[in-house]
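**Student:** Dropping a structure here in structure tokens format, bear with me for questions.
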Amino acid sequence: MSALSVTNSSSSRFALTGFPGLEIYYLWLSVPFSIIYVTVFLGNCMVLHVIRTEPSLHQPMFYFLAMLALTDLCMGLSTIHTVLGILWGFIQDISLDACIAQSYFIHGLSFMESSVLLAMSFDRYIAICNPLRYSSILTNDKIMKIGVAILCRSSMLIPPVIIRLKFLNYCRPHFLSHSFCLHQDLIRMACGDIRFNSIYGLALVISNLLLDSVLILMSYIMILHTVLSIASQEERIKSLQTCVSHISAVLVFYIPIIGLTMVHRFGKHLSPLVHVLMGNIYILFPPLMNPIIYSIKTQQIRVRIQRLFLRGT
């Protein structure tokens, strides 16, 4: 059976899109992408190792950072086999079951990252607006409950819309828009009743990504109000500096999502290469940048990483 055949069989295969027009350069393109993936894995593993082995970092802020690093690490693992597989010439298509599984992990991890960023904004709000009760509010037990809630929210709300993909008829040409599978890509190829997927998928985006972004914005409005009420300018700057890393991580996560959404919604006339590049930025930019941001902007992490390298020399 051809990978591009029109069929509704669950054994269908879907053609992955690499970088249109750049096929002859795949071997060269594989070099920077391999470096990016290695950096993603090493960077996030280093952050996790430093937090685990340094007792002074066993604090709420760094527990949430460890959750973020673990999420980014898993995001890299969920796409490496298809992205590098295409560039190395190992694969050109993917089965429906594998596509659905990859779609589940990509969207679930995106929701998880958004939830962790929301928890981190709550941490910054308590630390700045209610510092005297910080340790009593964010106890280890509370942090564990928040972590479980994030995991349940990110993993248990998605199955209804993802499982339904298995039972749809895919009668349109089986060309995926990216080097990996997304829910909206599979829906585009389906010719049956997709109202449930469309409505439920939109509800998920609103109740997760949109709601989280609004709550993060509200937390920073309250943080800014509290900071501006501090008499000393030096104390204001010091308070805001503790939020720089988190604000950077929020921007690194949400800007690619907004960009990819705009390209999918209004960029149908654009080159397929633009869609592919935006998709890869959405997948790889946050996992790549977050360890760099926290290694540079967070003094405790930076000092421990420097010590780690000095021990090895």
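Any Cβ shown, glycine's included, is placed from N, Cα and C.
Annotations in TrEMBL come from automatic prediction, not curation.
Quick caveat, the model's predicted, so the values are computed rather than measured.
Feature table excerpt (TrEMBL):
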| type | residues | note |
| --- | --- | --- |
| DOMAIN | 43-294 | domain 'G-protein coupled receptors family 1 profile' |
| TRANSMEM | 25-51 | transmembrane segment |
| TRANSMEM | 63-91 | transmembrane segment |
| TRANSMEM | 103-122 | transmembrane segment |
| TRANSMEM | 143-163 | transmembrane segment |
| TRANSMEM | 199-223 | transmembrane segment |
| TRANSMEM | 244-267 | transmembrane segment |
| TRANSMEM | 273-294 | transmembrane segment |
**Student:** Within the same chain, where does the transmembrane segment (199-223) have neighbours whose Cβ lies under 8 angstroms from its own Cβ atoms, ignoring anything closer than 6 residues to its ends? I mean 6 or more beyond.
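**Tutor:** Sequence-distant neighbours of the transmembrane segment (199-223): 107, 110-111, 114-115, 117-118, 121-122, 124-125, 128-129, 153-154, 157-158, 160-161, 183-184, 187, 239, 243, 247, 250, 254, 257.
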**Student:** Which sequence-distant residues neighbour the transmembrane segment (273-294)? Criterion: at least 6 residues beyond either end, Cβ under 8 Å.
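**Tutor:** For the transmembrane segment (273-294), the nonlocal Cβ contacts are 17-22, 36-37, 39-40, 43-44, 46-47, 65, 68-69, 72-73, 75-76, 79, 83, 106, 113, 177-180, 182, 245, 248-249, 252-253, 256-257, 259-260, 263-264, 267, 301.
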**Student:** Counting only pairs 6 or more apart in sequence, are there at least 3 Cβ pairs under 8 Å between the transmembrane segment (143-163) and the transmembrane segment (25-51)?
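**Tutor:** Between the transmembrane segment (25-51) and the transmembrane segment (143-163), which are separate recorded stretches, there is no contact, as judged by 3 or more close Cβ pairs.
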**Student:** For the transmembrane segment (103-122), I need the partner stretch with the highest count of C-beta pairs below 8 angstroms, choosing only from 25-51, 63-91, 244-267.
**Tutor:** 63-91
**Student:** Which residues, given as numbers and ranges, are at least 6 beyond the ends of the transmembrane segment (244-267) yet have a Cβ under 8 Å from it?
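**Tutor:** Sequence-remote neighbours of the transmembrane segment (244-267) are 68, 110, 113-114, 117, 120-121, 124, 184, 209, 213, 216, 220, 274-275, 278-279, 281-282, 285-286, 289-290, 293-294, 297-298.
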**Student:** Are there residues at least six beyond either end of the transmembrane segment (63-91) with Cβ under 8 Å to its Cβ atoms? List them, or say none.
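**Tutor:** Beyond its ends, the transmembrane segment (63-91) has Cβ neighbours at 16, 18, 26-27, 29-30, 33-34, 37, 40-41, 44-45, 47-48, 51-52, 102, 105-106, 109-110, 112-113, 116-117, 119-120, 123, 143, 147, 150, 179-181, 249, 280, 283-284, 286-287, 290-291, 294, 298, 301.
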